[in-house]
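Record features, source TrEMBL:
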{"type": "DOMAIN", "residues": "86-302", "note": "domain 'YjeF N-terminal'"}
{"type": "BINDING", "residues": "Asn136, Asn137, Gly138, Gly139, Asp140, Gly205, Phe206, Ser207, Phe208, His209, Gly210, Ala211, Asp243", "note": "(6S)-NADPHX binding site"}
{"type": "BINDING", "residues": "Asn137, Asp201, Ser246", "note": "K(+) binding site"}
Amino acid sequence: MRATFLRNTKAMSSLLFLIKPSIIPSTSPHFSVNSPVFSLLSFSFFYTPPTWSGLRNWNCRHQIRCLGTSVFKEMESISYLSQREAAAIDEELMGPLGFSVDQLMELAGLSVASAIHEVYEPKEYNRVLAICGPGNNGGDGLVAARHLYHFGYNPSICYPKRTPKPLYNGLVTQLESLSVPFLFAEDLPSDLSDEFDILIDAIFGFSFHGAPRPPFDAIIQKLVSCQNRHNAGLKSSPIVSVDIPSGWHVEEGDASGEGIKPDMLVSLTAPKLCAQKFSGPHHFLGGRFVPPPIVEKYNLHLPPYPGTSMCVRIGKPPQVDISSLRENYISPPLLEDQVEADPLDQFHKWFDDAIAAGLREPNAMALSTTGKDAKPSSRMVLLKGVDANGFVWYTNYESRKARQLSENPYAALLFYWDGLNRQVRVEGPVEKVSEEESEQYFHSRPRGSQIGAIVSKQSSVLPGRHVLQEKYKELEEKFSDGSLIPKPKYWGGYRLKPEVYEFWQGQPSRLHDRLQYTPVEVDGRRVWKIERLAP
């Protein structure tokens, strides 16, 4: 009888949503991340494709990441391995399937480092202690420490019982060449949280039996003490266990109830049975090396890895105290004598920085509008042109935003560049661009996007997605000969002509820089006045 245990797991959403607060306007709407007004306001939600698999404070300014997009979803079960199965799989990987132990160790260690980086950013959790045992689990910890060094962390190693084999000697040499310090067990502080921000438990793996012996018994107790401090509401460093929390039974888990209770578990190859007892917030699967013959032979149900990631989040999503989400920004100061005199030049300068930083869709902007009822609404649109005449985007002229702009032709734009701790606000009147300009841009778009613009009666109610798909397929066939796709009359562009700019740069302790540009007349000509606003 197959010993693999399966557990039904709930399919998880990979929705990423951002909450952007608004301010109720008078004649022109304002949309600012600095304005946490949460009553009858407009919130802008948008989906981000899989680029992030852990939950962390992503330079949050009233932004909430619900679930990592690498959370295992759309599968009904996950396989959990017994000790016997785990050992058999390792034997086959390193036997007929041609893997070497150093290959598997390298992939496992990289997976552990990747999972840590998904949750614990090096600028906040920089000092890492990797506690490594004498076996393969310890080797995984040594490899993880090397990768963490290259990820920007400051690792230290406690490796009390070194394995006298070339593979392990080589791993030690590699770390020593990076000047990574090795610490004696007796030199570790009584409270590990005083000197380290992350504690990696890479002591024992799934083949361990019996009670831990010195010096590992005392080290494990230090880790338990850290957990007790956390339970008492005191500062403690998160514990990351590699494959198995050290001291746990590989199948029964923490039988005594007095063992390590890690904050993160990185299961390797497949979760072991004891992982069903893991109750921490972060459970990842790593070791992206399981070939189809193993999957088929052991009837494994494992999650797909997103993109090029070496880890994938599994298990329940972490619980988050929304009120505790915050980021202490570190940025160069934004000073009046260093910015451009013309705000459009300053915008181009910052936009170029966002492009150079490789930020995703730097032209994405929140567009806030109001109608005659003074109720604001916001949505994300894409900037498609900017010059001295204004900021241009394209949309359906029968949409909700178009109806609001017809009633109140003022709007506010917000660009948010997370990786640079920057945002730009632009406010002013809005007008339609010329039909010629709309026509030219429409035909520059991919043909699929042109058909989509015809198919979608934006903001209207649909009985189901199938209506869009059927109409799209019909038009796709109609224009399959490559003939010109006519721009619908109800589709075109808008241009916002700036009356106010604000450039925002995040700074420590919420003492952010805010420089506002407003036009004034000086000697009969229009110039821009720069004023600093309180954060």
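Every residue gets a Cβ built from N, Cα and C, even glycine.
Locations of recorded TrEMBL features on the structure.
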residue	record	Cβ within 10 Å
Asn136	(6S)-NADPHX binding site	23
Asn137	K(+) binding site	25
Gly138	(6S)-NADPHX binding site	27
Asp140	(6S)-NADPHX binding site	33
Asp201	K(+) binding site	28
Phe206	(6S)-NADPHX binding site	26
Phe208	(6S)-NADPHX binding site	19
Gly210	(6S)-NADPHX binding site	6
Asp243	(6S)-NADPHX binding site	29
Ser246	K(+) binding site	25
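Listed in sequence order, the residues Ile131, Gly133, Gly138, Gly141, Ala202, Ile203, Phe204, Gly205, Ser241, Val242, Asp243, Ile244, Pro245 complete the 8 Å Cβ shell around the K(+) site centroid, once Asn137, Asp201, Ser246 themselves are left out.
A gap of 11 Å separates the Cα atoms of Ser246 (K(+) binding site) and Gly210 ((6S)-NADPHX binding site). Counted over all residue pairs in Asn136, Asn137, Gly138, Gly139, Asp140, Gly205, Phe206, Ser207, Phe208, His209, Gly210, Ala211, Asp243, the record's binders of (6S)-NADPHX, the longest Cα to Cα distance measures 21 angstrom. Nearest Cα neighbour of Asn137 (K(+) binding site) among the listed binding-site residues (Phe208, Gly210, Asp243): Asp243. Annotated pair Asp243 ((6S)-NADPHX binding site) and Asp201 (K(+) binding site), C-alpha to C-alpha distance, rounded: 9 Å. Geometry remark: Phe208 ((6S)-NADPHX binding site) versus Asp201 (K(+) binding site), CA distance 14 Å. Here the domain 'YjeF N-terminal' (86-302) has a mean pLDDT of 93 out of 100. Counting in whole angstrom, Asn136 ((6S)-NADPHX binding site) lies 13 from Asp201 (K(+) binding site) by their C-alpha atoms. It is 10 Å from the Cα atom of Asp201 (K(+) binding site) to that of Asp140 ((6S)-NADPHX binding site).
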